[in-house]
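K.L.:
Have a look at the structure that comes next, please.
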Amino acid sequence: MVSIEHVAHKILTYIPYVLVLIDMRYEGVKCGKDGSVDNHMEMGKKLLAAGQLADALSHFHAAVDGDPKNYIAYYRRATVFLAMGKSKSALPDLSRVIELKPDFTSARLQRGNLLLKQGKLDEAESDFKKVLNSNPSNKEEKEATSQLAKSDELQRLVAEAHRSYGSKDYMTAAAQLEAIIETCVWDVTSREMRAECFIQMGEMGKAISDLKALSKLKNDNTQAFYKLSTIYYNLGDHEMSLNEVRECLKLDPDHKQCFSHYKQVKKLNKQIQSAEELIREQRFEEAVSKYEAVMKTEPNVPQFSALAKERICHALSQAQQGARAVSACSEVLQSDPENVSVLKDRAEAYVQDEQYEEAIKDYETAAKHSENDHEIKEGLEKAQRLLKQSQRRDYYKILGVKRTAQKKEIIRAYRKLAQQWHPDNFQDPEEKKKAEKKFIDIAQAKEVLTDPEMRTKFDHGEDPMDPESQQGHHHPFHGGFHGFQGFNPFGSGPFNFKFSYN
């Protein structure tokens, strides 16, 4: 086992060497400081020329840290920031260059250009004038003169835009601000004013574009996010509204306007999402109730009422509530007659209500606005088949049942009608003859609608009892009474009928 004394002795032996190394390192830093900065500057310059901006920036950071009074290091770093599109970071570096070397005209000219883009016209003009008074090169003089003239013109436009805005001539103000922003691309004040002009003009898409730019140009711009959220809300886009108001609250959780608006948007968004989930689960009546709640939550924004009514129309159509769906869809189409989704839903509702001609009209109208929609094509073909079918015999109508009727309901209707129209109930020859025909129709209807295969054919526009439709195929009632194959529909007289309610 190694003794403590031995370890202590070894450590004491190395201490002098450690002290020498530390001393040498200190001297190296002390003596090599300027050389290190020069190395960083040279490497940064090479990397900048090669387009490796991030690496170049690291070296210029090191150069600035090594020599805080090296104006060239600041200037080079500003150049990299500008190349990276980080003008906000470049501006302090250019100001530091001018502070260290006031006669550095290139830095002052670049700062003037940045200030011009930010809409700080007075400060920009000051820089351009100082460039002209400091023996600039011909190129610098030409640029400074041009930019100074541009700044003067912009000052005039800004004054005019403010006058137009003050007199509520928003269209003129927006045009004047457009000319300003072409040069002053980072001018927060002009963009805020133009966004407000667009809002007053009802140009919400353009207002959104400006407000999104403002949310990036100005730090902690809660007002821009709040305005974006309210615009999206009034356009009926609850999801985008919720996203923007959340951005506002990230910056300021106690923002009163944003928090109040957030509660309203969140409630509405939740109701709409719940309603859509109910539709996906085919719980259509519950979905209708949920969308009715949406209209109560926000009765003042027409877009949400329109959305709710459109989705109620869809839910009722899917629920096979033909008459109610037609009424709901028609209300939407009064204000939005080219709404393809609603036209399709109402067409389907008309089919359910057996108003085939109206269904065909809706499908044809929808097809004009959505030519390649397969649902429209299939729906139109179905409505046309059913119209043609309805002009012949409609077995559902004969039994007085809906197209969605179950087998038990069909048999119950058949029994009731068979008893009512049994020929033995009629004595008058003409009435008996009429009853015989009616009774056969009832029997055929029962036969078709209780046989899954025949019913499917009938639902697709083919009459299993029609010789032409069957194209020679056998069907049970072909050939009148004698075609019942031993089953005679009449229980007295010459027919010897044994009545069956199967």
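Here the Cβ of each residue, glycine as well, is placed from N, Cα and C on the backbone.
Since this is a predicted model, take the numbers as computed values, not measurements.
What TrEMBL lists as domain 'J' is 394-462. Taken from TrEMBL, the feature region 'Disordered' covers 458-481. Summarising the annotation, TrEMBL assigns repeat 'TPR' to 37-70, 71-104, 105-138, 222-255, 340-373.
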K.L.:
Give residue numbers and ranges for long-range contacts of the repeat 'TPR' (222-255): same chain, 6 or more residues beyond its ends, CB-CB under 8 A.
P.N.:
195, 199, 204, 207-208, 211-212, 214-215, 261-262, 265-266, 268-269, 272, 301, 303-304, 306-307
K.L.:
Could you give the number of helix, strand and coil residues in the repeat 'TPR' (105-138) as assigned by DSSP?
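P.N.:
In the repeat 'TPR' (105-138), the DSSP-based counts are 26 helix, 0 strand, 8 coil.
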K.L.:
Which residues of the chain, 6 or more past the ends of the repeat 'TPR' (340-373), have a CB below 8 A from one of its CBs?
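P.N.:
Sequence-distant neighbours of the repeat 'TPR' (340-373): 310, 313-314, 316-317, 320-323, 325-326, 329-330, 332-333, 379-380, 382-384, 386-387, 390, 394, 397, 402-404.
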K.L.:
When secondary structure is assigned with DSSP, how many helix, strand and coil residues does the domain 'J' (394-462) contain?
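P.N.:
The domain 'J' (394-462) comes out at 51 helix, 0 strand, 18 coil.
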K.L.:
Which numbers of helix, strand and coil residues does DSSP report for the repeat 'TPR' (222-255)?
P.N.:
27 helix, 0 strand, 7 coil
